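Below is one structure; the comments refer to it alone.
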Amino acid sequence: MTIKLAITPGEPAGVGPDLIITLAQQQWQAMLVVFANAELMRTRANELNIPLTLLPYDASRTDIQPAGSLYIVDIPLQDEVIAGKLNPTNSQYVLDTLHQACQMNLNGEFQALVTGPVHKGVINEAGIPFSGHTEFFAQQSNTPEVVMMLATEGLRVTLATTHIPVTAVSAAITQPKLDNVIRIIDHDLRTKFGIAKPHIFVCGLNPHAGEDGHIGREEIDTIIPALNALRQEGITLTGPLPADTIFNPKYLQQADTVLAMYHDQGLPVLKYKGFSQAVNITLGLPFIRTSVDHGTALDLAATGQADVGSFSIAIKEAISLAKSTQ
């Protein structure tokens, strides 16, 4: 069966369209279907001086596009797009691309969804509450809990909490929360990654993982009891370990993922190890979703200088995961 990937460029004034146009010059082993405004894509291709053929998407087609072309689901813009210049009026367009791509994954027409970078600030400036792709797709699919994973060669990092203030992290780390998060990670490592018995390494929340309660009690009161209960069910867990020692080869060679308690505990290490070579994967959704690990890079839009590395890896990972679930 031909793998069909739904691809959203994200912020139209950013580098998302550029990256997709550039990557379309390659031959891929999947149908790449971009959910975007056709005129925007043509204009950006002309600005980049890259030839691009847009093929109207038809659900009955299964032939992979030739290099230099993309299938497209044409979605209307609200206003003109100027590369590098944010326009809140087009925020609804961004959400329309995400909504349509999500719905067509939910109905089984596509095998995976790959997303380009959005600008959360301009969407909120338009009066639309938006905290990120991950939360948006969870709401769209009626999924009560999802988990953010970022992966690069030799390292996968998952997050117990995502886009919340550091001051709110401790209260968000509860036994039910950890129970849900770890079950999702274990399930998706088995079903989407094909890992028969995943081994999850878990960070503590506090420095030195709490130092036996002397530097915070979250480990003793919450994290350790949650891990022990899950171990009784056969889930393989190591931790909680101090975050400043868990990311070393002794542990990483055994770990299928490292679970960090909050965003900036785990992701700086991941991005240092795999800058421009990492992929964002949402666990817990009823479909495969991968994304770039970078922002909109407005200053690089239409310059031809944007690095395609992360977007390329996001597409390759989506194809790999789709094949493993066929």
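All positions are counted from 1 along the displayed chain.
Here the Cβ of each residue, glycine as well, is placed from N, Cα and C on the backbone.
In sequence order, Val146, Met148, Thr162, His163, Thr282 are the residues of the chain that are 6 or more apart from Thr134 (substrate binding site) and have a CB within less than 8 Å of its CB. Annotation comment: Swiss-Prot describes His133, Thr134, Lys271, Asn280, Arg289 as substrate binding site.
Summarising the annotation, Swiss-Prot assigns divalent metal cation binding site to His163, His208, His263 and lists sequence analysis as the type of evidence. Long-range Cβ neighbours of His208 (divalent metal cation binding site) (same chain, at least 6 residues apart, Cβ-Cβ under 8 Å): Ile215, Pro242. Secondary structure at His208 (divalent metal cation binding site), as computed by DSSP, is helix.
Around Arg289 (substrate binding site), taking its Cβ as the centre, 27 other Cβ atoms fall within 10 Å, counting all chains.
Between the binding-site residues His133, His163, His263, Lys271, the minimum number of other C-beta atoms within 10 Å of a residue's C-beta occurs at His163. Note on Asn280 (substrate binding site): other Cβ atoms within 10 Å of its Cβ, all shown chains, come to 24. DSSP assigns Lys271 (substrate binding site) to a helical segment in the three-state reduction. Mapped onto three states, the DSSP output places Arg289 (substrate binding site) in strand.
Mapped onto three states, the DSSP output places Asn280 (substrate binding site) in strand.
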